[in-house]
Amino acid sequence: MLLLFLALAVFVLVQFNALRQQNRVLAQRLSQLEALVKQDAESAEKPQVPNAETAPVTAAEDFAFETIESNGISVSSAQKGEPAKKVKPAPAAPLPKYVVPNAAKTDSKPAVPSFWKKVERQFLENWTGILGAVIMVMGVAFLGGYAYLQMIPFHRFLLLIAFAALLMGLFTFLRSKPQWLKLALWLRSSASAILLFACLGAGGFPALQWLTDPLAALVLLCLGIAVNLYLGFIGGRQAVAAIHVVLSLAALAAAPPTHLILIIAALVTLYGIALTYRDKWDYHLLLTISSFFVFHLSWYVRTLGGVEDARRDLLGLAVVVAVGVLAALVHYRQVYKSREFVALPFVVHLLNWLYFGFGLLCYAQGTLWKTFFLAGGGVLAFGLARCARRVPVRWLYLTDTLVAKLLLVLALVSLNQWQVGYVVICSLVVFAGLLFAVLAAVEEEELLFQVGSRLAQLAGLILILLTCLSWPHADDPQRYSNALWLGLCALASTVLHRTVGRKEQRDQGVLPVMQFLAGIMAVALYFQLHLLSWAEYGLLLAVPLFYLRERNQDEACGGALLLFLLGVHGIFWIHFSPADHLPWGLKTIHALPLLVLAGAAIRWSWHRVRQKHYAWIGIYLMAGNLFLISYDLGRAYSPLIPGVVWLLLSLAALELSTVIRRRRLGQSDCHLLYVGHAYVVAFLVRYFMVHVPSEAYLGTVSVRLLVEFLGLAVLMYWALQKRPTSDSGDRNWSHLMPLYAEATLLLTVFVLLLELNEFWYPLCWMGLGYLCLMVGWLLKENFSRLRVYSLLFSWAAAFYVAFLTSSYVVPSDLWYRQAWFAATITILLQLPYGYLVCARKALQDIAWPISLHRLARPADFFRIQIGAWVFYPLFAAVAVFLYWTFDLTILTLLWVVEAFVIFAFSLLLRADHFRYVALSVIGVCLLRLVFYDLSHAGTLTRALVFLGVGIVMLLIHALFNQFKGRVTDG
C-alpha cells in the first residue's frame, strides 16, 4: 500500500514537472529562433562562432539548481535557490530590420508531437526512472535476503554499500553527458536509498544487523539519512527532494516500530518541511506530510498493545504537534502574500490540519484531556489565522479560522465525557457560533459570518429538538434548566440581530434566519413551561416587541414574532382543547393573555415599505381564541349555546368588515369575512352533531326549532348582502358570498324534512318552487339562478305525488287530512307553475357565480325544451297517482280527462308534442275501454265511463276546431 501511495504521489509530481518542462522547451525554442534571426541578419558582416558551452547548459536546463560544465565538473547553485542561467550570445551591432523568408519560418516552427509520442516521452523521461529506482531498491532488498544464507551480516552490509557506490560511480560518469543526465540523477537517488536501507539494517534488521551498540547504530542510521537528504537537497527540484524524503520514510516504515524510529521519522519529516521554506514547494510539502501521516498511522497501529503507554503517547503527541505546526507555518511567509484564492496551497494546508487533528485524536481517545487538546488546537489555529490576516494571505486566514471553529466545536462536544448534558453543549455551540459571527462582522468577512451564523442555526435547531424530545421524561428542574438555556440562546440571537444587523449584512438573509430561530426557541421555551399556571401570563412580556417591530420596521423581528404567535397558540389549543377536566371558565382565564397578544398583532401591524397592514394574522388568532372561549363558557350552561354564539360572532365579523370597508381602514375586511364564514361552518357542524339529536324545549317550543329559525335568518342575512362596488376581485364576493343562497335553501329543505310530517312534503316543495321563482324574478341581479332551483322543487313535488303520497296512509277520518287531498292541491299548483315557467321563459338570462359556473350548461340544456322538462314529469306523476289512488274501472275516464288537459296545454303553449302525447293517451284509453272496461266494469260504471269518454272527446274536437289556428303545420 505504501508503494502504491508513493507511486501515486510521484505521478502527480511528474505530471506537474512535465508541463513545466514543456513550457520551458517552448520558451527555449522561441529564444533559439530569435537568435537564429539575429545571426542571419549579422552573417553578412560578421559570422558568429558557435559557443561550445551553450549545448550542455541547454540540455541540463530542465533541472534547476544543477548545471553541467563541458569539463564534466558539476556546479551546484541549488543553495542559492536560483535556476541556472543560460549563456547568451555575444551582443551584435544594431542592423536594419531583417525579414525572415517564409521557408525559414516554416522550417523553424516545431512540429507538434502526437498523443502517443507524448505518452512515450513521459514514460521514457520520468516513469522509467522512477519505477527503475523503486524496483532496484526492492531488488537490493531481495539480494540481501539471499546473501543472508551466504554471508555474515557485516559482509552483507558491505555488499549493499558497494552496490550504492557502484550506482554513484555510474552517476559521476554519466552526469557529464547531457543525454544521460536524467538517468544519472535517478541512479543517484537509487544509491542514496540503498545506502539508507543498509544503514538502517545495520542496527535494526536481523539479516543485516552487525552493530549491537544502539548508539553506534543510531549514528550510522543518521549518517545514511543525512546523505540521502543531502542528495535530495542538492537536486534543487521539489520532485527530487520529495522522492528522497518519501524513500527515507518508506525505509523507516520497514523498521521495527520503536520510539527511536518515530523520532528519526519526525526529524526526516521536519527536514523535508524545512526544504519548502526555500520556495513555494507545495507538491513537496503535500508528499512530505502525507507520507508522514501514513507512516505515523502505521506506526501507531503496530504499537497498539492493549496496554496504555504514557511515554508512547507523549512522544507521539509531541511529534504530531511539531510536524503539524511547522507545516502550518510554511504558508505564513511573504512569498504567499495574496488576496486571491490559490487551490494547491489551500488543499495542502487543509490536509495538514486534518492530519494534525487526526493525530491528536489518536492520543486523546478514552481520556478527558482531549477536550484541552482540541481546545488548544483551536486556539492555536485561531492565532495563526490572525497572523495570516496581517501578512495578508486571505485563503490561509479563512482556512485557519474555519479549522479553529471546527476544533473548538469538537472540544465543546467532547465535554460530554465531563458529564455535561447535550442541551448545555448545544447551547455553548450556539454561543460559539454567534461569537464567531460577531468577530467576522467586525472584520467584514462575509464568508466567515455566514459560517458562524449557520453553525449557530444548526446547533439551535438541534437544541430545540433535544429539549422537545426530552420534555416527556424530564422532571421540573430539568425543564427549568432547558427553558433557561433556550431563553439565553434566543436572547443572544436577538442581540446579534440588533447589534450586527447592518443593511449590507441583512440583505444576505442570515440575520433574519437567526431571528426566526430566536422565535422558534421562544416557542420551545413556552413548551417547556406551558403546564405551569402562570406560563400564559408570562407571554405578556412579548407585547412590547410588537410595538418595537412597527417602530423599527424590522422584518426579521416580525418573522420571529409570527413564529412565536403561531407556536404558542398551537401549543395552547392542542393542550387545552381536550382538557375537559379543567374547572368551568379556567380555559377562558388561560386564553386571556393570548387575546392580548392577538390584539397587539392587530394594533401594530403596519408595514411601511409595502404600505399595508398585516392585521390578518392577529384577526385569525383572535377568532380562534374567541372560538375556544365561547365553547368553554357556553357548554357550561348548555351544549346548544356554543353554536348560537358562533352564529352571532359571524354576524359581528360581517358587520365589522362592513365598517372597515366603508371607512377604508385597510384590507382586513376580507379576512373578517373569512372569519365569519368559518363561524358559520362551525355552527352548521355543531347543528348537525348536537342540535339535530336534541329534544330540549323552552316551555312548549322546541329549542332546536328556535335555533333553526335563527340559523336560517343569519344565512339569509348573509345571502342578501350587496356586493361592494370596489371589491378588487376579492374571492369572498366572487366565490363564497353567493353560496349563502344555496346554503339557505339546503338548510330550509333539511329543516322541513326534519320538522314536518311527510304528508306536507309535496306542498312544501311546490311552495319553495313558487318562492324561488318569484325571488329569481324580483332579485334577478343576484338570484336569477333560483328560477332553475324552482324546477328542481317541482320535480321533487311530482316525485312525492307519484310514489310517496299515493301509498301514504293517514290515520284520520278528516277528508282534508287524506293523502289524495294534498296531492290534488299540489297538482293544481303545478299547472299554473308550469304555465308561468313556459310562458315567461323563466330559464332565460340566468346569471351564475364563478363558483357555480359549471351548472350553466345543464341549465341551458333545460331552457331549450323547458315545456317538456316542466310538464312531462307532472303528467307522468298524475298518471301514476291516478293509477294508485282510484278504482281501476274509472281509470280510463280519468286518464282521458288528463289527456284533455294535455291537449289544452298544447294549444295554450303552442307545443305540438303535447298534442301528440294527448292523442296517444286517448288511443290507449280507447283500447282499454274496449278490451278492459267492457268485460270488467258494471253496467252503470260502464255507462258512465263511456259517457264521460265520449263527452271528453267531443270537447277535444270542439276545442281543436275553435283554436286550430294555434296548431302549426309542422
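Glycine residues also receive a Cβ, built from the backbone N, Cα and C atoms like all the rest.
Ranges compared are 3-22, 283-302, and TrEMBL records transmembrane segment for 283-302. Across the candidate stretches 156-174, 480-497, 640-660, 861-884, the maximum count of CB pairs under 8 A to the transmembrane segment (696-720) is reached by 640-660. Through the fold, the transmembrane segment (640-660) approaches residues 623, 626-627, 630-631, 634, 666, 668-670, 672-673, 675-677, 679-680, 682-683, 686-687, 690-691, 694, 696, 703-704, 707, 710-711, 714, 717-718, 721 of its own chain, all at least 6 residues removed from its boundaries and within a Cβ separation under 8 Å. Only residues 6 or more beyond the boundaries of the transmembrane segment (861-884), in the same chain, are considered here, and those with a CB under 8 A from a CB of the stretch are 788, 791, 794-795, 798-799, 801-803, 805-807, 823, 827, 830-831, 833-834, 837-838, 841-844, 846, 891, 894-895, 898, 902, 905, 909, 911, 913-914, 917.
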